[in-house]
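Student: I am attaching a structure below and will ask some questions about it afterwards.
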Amino acid sequence: MWYWVILFLVGISIGSFLNVVSLRYSSRYSVFSLKNNGGRSRCPHCHKTLRWFELIPLLSFLVQGGKCRNCIKSLSFQYPFVEVLSGLLFVFIPWYIFVSRAPFIGFVNGIDPYIETGLYLFVFSVLFLVALIDYHYHLIPNELNILLICAGVLEIIFYEYRGIFQTMQYGVGPYSLIFNGQSSIYINRLIAMMFGAIITGIPVFLSHGRVMGLGDFKFAIALGLVFGWPTVIFIIFGAFIIGSCVGIILMIAGKKKFRSMLAFGPFLALSAFIFFFWGEELLRGYFGLLSP
Ligand SMILES: [Zn+2]
């Protein structure tokens with residue numbers, strides 16, 4: 001029980017870090033720039049330096065009622081929202097790997113599940129940061145795509161070295177066989193990156209970067225390397241569907257005009273999360289609807 005509480009607290013702290021990096025981000029600096037990210041936190045309104053007890057993730061926000069102690073102006077709802085989501089992510093991924101999935105594939109012993117947990121916590125933390133930065137600034141920094149490429153390479157080394165590569169473990173599961181999910185992880189990832197590039201490359205090229213930018217194109221290739229074939233296809237089409245629904249809802253609500261642009265990165269990140277963990281269930285539901 002205590003493990004989960006600690007994981008949740010670690011997740012909240014990571015969320016707090018993601019908040020700082022995403023809100024302080026400037027395209028003039030690298031995401032990792034100490035110059036840009038360093039320095040004490042200040043109130044965005046009155047610029048008063050925050051004391052240590054005002055920096056405790058989630059707790060400070062709740063105690064202060066979401067307001068600055070000095071100027072009483074409201075603080076962004078992003079702070080608690082991202083912290084709680086990140087906390088839940090850090091509980092959910094280990095729970096999924098150790099509790100939900102492990103009994104079915106005899107994968108409980110050894111260090112493999114620990115490595116997998118660390119790997120995917122890292123991957124989804126980076127995806128979270130991509131979503132936040134793209135939402136705010138409508139761009140995806142190259143550094144974050146490079147981090148994903150590194151994670152993808154580590155993933156290949158890990159699965160190859162341990163000899164446990166299966167396209168059936170995550171994503172669309174056994175449905176990958178219908179799409180000829182290759183038995184070699186190298187071929188699988190190569191195909192996935194190619195299709196990621198083609199599916200996002202066409203709208204980027206045809207719209208001259210208006211519908212989607214070059215950042216989305218590079219992001220889709222990185223997603224291909226991390227999530228593999230055929231899951232990446234579902235991730236991208238899922239993002240189109242989620243993005244269209246959100247766009248239509250915002251248009252009906254009068255919040256967005258038809259031609260104004262929605263950042264695509266958050267939808268790709270959300271769709272990656274959904275299809276990585278529930279791709280198989282979603283496809284089973286879909287095929288269940290088709291069969292009599
Ligand atoms: Zn203030």
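Including glycine, each Cβ sits where the backbone N, Cα and C put it.
Not measured: the values here are computed from a predicted model.
Residues annotated as transmembrane segment in TrEMBL: 6-25, 79-98, 118-137, 144-165, 185-207, 219-252, 258-278. As annotated by TrEMBL, domain 'Prepilin peptidase A24 N-terminal' applies to 9-96. For 121-248, the entry in TrEMBL reads domain 'Prepilin type IV endopeptidase peptidase'.
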Student: Spell out yes or no: are there three or more C-beta pairs under 8 angstroms between the transmembrane segment (118-137) and the transmembrane segment (185-207), with each pair 6 or more apart in sequence?
Tutor: no
Student: Residue list, the transmembrane segment (185-207) vs rest of chain: Cβ under 8 Å, 6 or more residues beyond ends.
Tutor: 152, 156, 159-160, 165, 167, 213-214, 216-217, 219-221, 223-225, 227-233, 236-237
Student: Could you give the residue numbers and ranges of same-chain residues that sit at least 6 residues beyond the transmembrane segment (258-278) on either side and whose C-beta is under 8 angstroms from one of its C-beta atoms?
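Tutor: The answer is 96, 120, 124, 127-128, 130-135, 138, 140, 170-172, 210-213, 215-216, 219-220, 223, 227, 231, 234-236, 238-240, 242-243, 246-247, 250-251.
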Student: What does DSSP give as the helix, strand and coil breakdown of the domain 'Prepilin type IV endopeptidase peptidase' (121-248)?
Tutor: 97 helix, 0 strand, 31 coil
